[in-house]
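To start, the structure under review is shown below, and the notes come after it.
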Amino acid sequence: MTKKVRVRYAPSPTGFLHIGGARTALFNYLYAKHHDGTFIVRIEDTDVERNVEGGEASQLDNLRWLGIIPEESIDIGGPYAPYRQMERLSLYKVRGEKLLANGQVYKCFCSTERLQQSREEQKERGVAAPHYDGTCRALTQHQIQEKEAAGEAYTLRMRVPEGTYRFHDLVRGNVAFESKDIGDWVIMKTNGIPTYNFAVALDDYDMDITHVFRGEEHLSNTPKQLMVFEAFGWTPPQYGHMTLIVNEERKKLSKRDETIVQFVSQYRELGFLPEAMFNFFALLGWSPEGEQELLSKEALIEQFDVRRLSKSVSMFDQKKLMWMNNQYIKRLSVDALVELVLPHLQKANVVPVWANEEQLAWVKELALLYQEQLTYGAEIVVLTKHYFEERVNYEEEAQAWLEASETTAIAAALTTALQQATPNSSADWEQLIKTVQQRTGLKGKALFMPIRILLTGQTHGPELPLVMKLLGKELLVKRLAQFSKVNI
Ligand code: GLU
């Protein structure tokens with residue numbers, strides 16, 4: 001009988017949910033869901049000094065926002081609890097002691113300074129990957145007792161067997177590592193806290209993990225984890241190491257790279273849609289069989305196939321993300337659209353936090369007017385800035401039009417028409433434009449462009465009658481007066 005698929009995303013709370021982490025979580029999630037398996041989130045918090053406040057919450061909260069929802073985790077519990085490594089210390093301790101009793105690990109009393117010195121000596125000799133020199137490997141029982149009696153602290157080191165570690169990586173195919181290049185490594189630190197490679201292997205075993213998808217940076221850790229499985233005679237999970245995410249210059253993403261927004265919470269704050277992000281992350285290192293790239297969560301779950309995981313680097317293409325988000329925004333219902341843009345307008349202080357019904361109806365119309373072009377929620381503030389300013393800021397391209405005598409004639413006709421009418425519906429506003437057309441004899445672009453520039457300062461925008469309706473008579477009159485003053 002094949003085992004039920006169980007996969008995990010195991011972030012260290014040393015930072016907030018990053019795009020790389022989100023991609024890892026997502027691929028594990030898709031794999032689990034595709035195989036009717038279980039997706040769990042486990043917190044690997046043993047690097048105590050590097051843990052950051054709020055890191056854990058950011059991971060869980062933003063995953064949930066993305067729709068990557070675990071069946072087991074620290075906040076919802078589950079049959080394999082606890083899901084936080086610092087709460088599992090006794091489990092690691094027992095296993096460490098077992099390996100020690102069998103002689104598969106040994107006590108190492110070398111000080112940090114000694115180890116540092118040995119590493120430097122090896123480097124000087126030209127050793128590419130320096131490793132432990134084996135000093136404590138052959139300590140006698142008597143020597144060990146003496147050191148312990150003297151209160152010397154020790155770590156536990158794996159007595160790495162000679163040989164080659166091979167495994168079939170689900171992304172890269174067959175991979176091999178020589179154990180002599182690894183050296184005896186620490187499984188338990190002097191403070192009794194396990195190292196990452198020891199704890200992760202034990203947890204994967206204890207939690208019945210069947211498959212592990214993670215970033216390429218963990219590839220060289222895999223042989224160490226295989227050693228732990230081997231030491232206990234257990235069957236390891238299957239591993240798949242996903243390729244790097246690179247920036248547009250094809251350079252490995254570094255946390256300091258400012259050309260890319262890197263944290264999921266930042267996208268959330270900017271008003272990206274979780275469904276779009278989910279879709280976008282799924283294509284970072286994986287591709288569907290067909291041409292269609294806009295895929296719902298359900299479609300992605302159905303189509304997810306590890307054989308289509310990419311072997312080459314995945315470029316984080318922000319333009320594509322913008323495009324994709326816009327595609328999802330275009331499909332939003334009016335209510336969802338308002339929900340997306342309203343907080344941004346309120347944060348920008350252009351719509352009151354306690355907006356009344358009339359104001360909300362106005363926001364609704366405004367949002368609908370910009371739905372087609374909106375790429376993310378916060379962009380509404382930039383796109384609609386001119387609705388909230390009294391004065392027009394004329395664009396560079398508008399200058400030539402402003403100097404034309406026809407524009408002065410249109411401004412005059414428009415002012416008169418506005419004084420004589422009280423337009424309400426967009427049909428009324430259309431009528432008003434027609435009046436100006438009749439009075440000036442201008443039509444088409446020669447008519448619309450100056451009107452748009454006079455009223456908004458811009459050469460492009462949504463349909464003019466709708467824009468005018470939202471700007472309202474009062475503001476339009478002021479803006480026309482602004483133009484006339486300049487042109488007297
Ligand atoms: N805690 C590790 C990390 O955040 C996870 C490694 C793994 O998935 O095995 O990178």
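Any Cβ shown, glycine's included, is placed from N, Cα and C.
According to TrEMBL, the feature domain 'Glutamyl/glutaminyl-tRNA synthetase class Ib catalytic' maps to 4-323.
Residues 41, 43-45, 47, 50-52, 54-56, 58-59, 62-63, 215, 245, 253, 255, 260, 262-265, 281, 284, 316 of the same chain lie 6+ residues outside the motif ''HIGH' region' (11-21) yet bring a C-beta within less than 8 angstroms of a C-beta in it. Residues or ranges marked as motif ''HIGH' region' in TrEMBL: 11-21.
Within the model, the motif ''KMSKS' region' (252-256) shows a mean pLDDT value of 81, rounded to a whole number. Taken from TrEMBL, the feature motif ''KMSKS' region' covers 252-256.
A coil conformation is recorded for Lys255 (ATP binding site) in the three-state DSSP classification, outside any helix or strand. The annotation ATP binding site is assigned in TrEMBL to Lys255.
Residues or ranges marked as domain 'Aminoacyl-tRNA synthetase class I anticodon-binding' by TrEMBL: 337-482.
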Listed in sequence order, residues with CB under 8 A of Lys255 (ATP binding site) and six or more positions away: Gly15, His18, Gln262
